């Protein structure tokens, strides 16, 4: 029983009264209607959404609570329709109250992406949820909807058009969007993420529809906690945040980098099973140094140069503290596409106090390590037997190098300082050597070896004689014909990873790698390439895509209730992914498994990460489940439609608002 004296409530039986709108007491009868649209299969798991039950007051009562205007409230407008909100009498100078009545039925239900099923609403649901006449008469199932949308997607010739169509589906029918993505992951992954997402970010100001995620700018300094509370979902488990300074290999895209957190979190749901309502994309807008954007009339961010130093650090610190205060210690914060000078500092600063993960440093490292470990099945030998040369010594390059050194140290029980000696890095100024130590950034210093200076990549290949060549430079076509042919002359099966994104920034194409190595290269790239035919044989290039790792990694942290990320968890994820490559995959030249089984793969990765969290004493979800793989699968979000049941209670006419209402 609840009293409605003087107030109107939105009521959810799960969480209680969610918001109160104070109104004047009215002396005329009114009608209150309670309408519920519940999931009949809700079981409290992370993959399920709580039912929405809202209490609606009459429009007259809300009209009476709205500010009065100079025009009599009984005045009618064209067609004899009463202007109950005072909208028609308002002007640009005359403020009005933006009243919204939300009910999980009727017209608004069709515009609620969380519950909309489109033509899949059954005849019974159309009757009970006031949908008659709002939909064509045909009833179709979700599978047919997926088939129809895939036909539409395939009719678009331009990848950006496909991206925009996918975003439109996500905004209108959430479950259908994720079912579409899950069942067609290999075809749609390049659309919702790299490489197409790069172009989408470049044009984000022009293509932006309904804003997704939170935009936190310098204007919000001092009130970030309030901004976080504006987000409608309260039980957040994963936040992906960027400041837009280094989007893929495209550089500073400022506020328009929001496409990256949105895309990453779509994959957290589709590939890792994290429910959409638990995911929060965030862009920290501190300005941009991109002159083209500053001069673009459609740019959506702050029109100022980037904040640095104390101003930048204070905003980020306020954000990190507010997240922990609002969502607790177990929310995963994934840093995405920060520039080198901030990425390493943020990871070091908050790694001991928050559950943080940098996908560019740690996620890339984990997936590449898995690829190298799998490639050894074709090359032979151990990880310690290999010699590595990196082109690029930024976040990705040094992150990969360090994780490889840690894995070798683990396998050989050798100090990591020793295992680094067979790993060489080349940056824009040449090979990183001891003679350059004073001028090096701190994250490069561990890789300064005793060696003569070398400027050109091909000369470094000849001198060092690497078995594995890894590119993370962000500069396209740097693995030239001379470089690849030299690698092939030194190794029977040279391992060549061209990791830079998007496709235009790849160090070499799959076709170039196979052709110049005479079909002997073991090749993987960051962006996808089509199979290559060489001398009558088909070669299937691998894609060292972070999507293999971070969805399952995040799921493992969540199901274990981990409070910190440890390097051993990254090694566990790499080992789990490498084990998923089958002999059938190897026979096709693949060193990564196909994405068709990615949710199964993510469950296995999650189980290994969770097991490591329990082993290290970093897990808080006790007791530990006996079968972590089965538990991970059981926690995964399912995009299949739910059957809605209806419950309508007519309370009757109330002489005053002081009546007691039974529900």
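Note: Cβ is positioned from N, Cα and C throughout, glycine not excepted.
Worth saying up front: this structure is predicted, and the values here are computed from it rather than measured.
Taken straight from TrEMBL:
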ACT_SITE  193  active site, proton donor
BINDING   246, 501, 545  (S)-malate binding site
ACT_SITE  264  active site, proton acceptor
BINDING   336, 337, 360  divalent metal cation binding site
DOMAIN    361-614  domain 'Malic enzyme NAD-binding'
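Within the same chain, residues at least 6 positions away in sequence whose Cβ sits under 8 Å from that of residue 360 (divalent metal cation binding site) are 246, 335, 336, 337, 338, 343, 395, 396, 399. For the (S)-malate site, whose binding residues are given in the record as 246, 501, 545, the maximum C-alpha distance rounds to 18 Å. The two recorded residues residue 501 ((S)-malate binding site) and the residue listed as 'active site, proton acceptor' have their Cα atoms spaced 15 Å from each other. With a 10 A radius on its CB, residue 246 ((S)-malate binding site) counts 24 other CB atoms from all the protein chains. Excluding 336, 337, 360, which define the divalent metal cation site, the same chain contributes 242, 246, 247, 260, 335, 338, 343, 358, 359, 395 within 8 Å (Cβ to the Cβ centroid), listed in sequence order. For the pair formed by residue 545 ((S)-malate binding site) and residue 264 (active site, proton acceptor), distance between Cα atoms is given as 12 Å, rounded to the nearest Å. Over the domain 'Malic enzyme NAD-binding' (361-614), the average per-residue pLDDT in this prediction is 95. Between the CA atoms of residue 193 (active site, proton donor) and residue 264 (active site, proton acceptor) there is a gap of 7 Å, rounded to the nearest whole number. All protein chains shown were included, and the count of other CB atoms within 10 Å of the CB of residue 545 ((S)-malate binding site) stands at 26. For the residue listed as 'active site, proton acceptor', the number of other Cβ atoms no farther than 10 Å from its own Cβ, over all displayed protein chains, is 27.
Around the Cβ of residue 336 (divalent metal cation binding site), the number of neighbouring Cβ atoms within 10 Å comes to 28. A simple way to gauge crowding: the CB of residue 501 ((S)-malate binding site) has 24 other CB atoms within 10 angstroms, across all the protein chains here. Of all the Cβ atoms in the protein chains shown, 26 others lie within 10 Å of the Cβ of residue 337 (divalent metal cation binding site). Counting Cβ atoms from all protein chains shown, residue 193 (active site, proton donor) has 25 others lying within 10 Å of its own Cβ.
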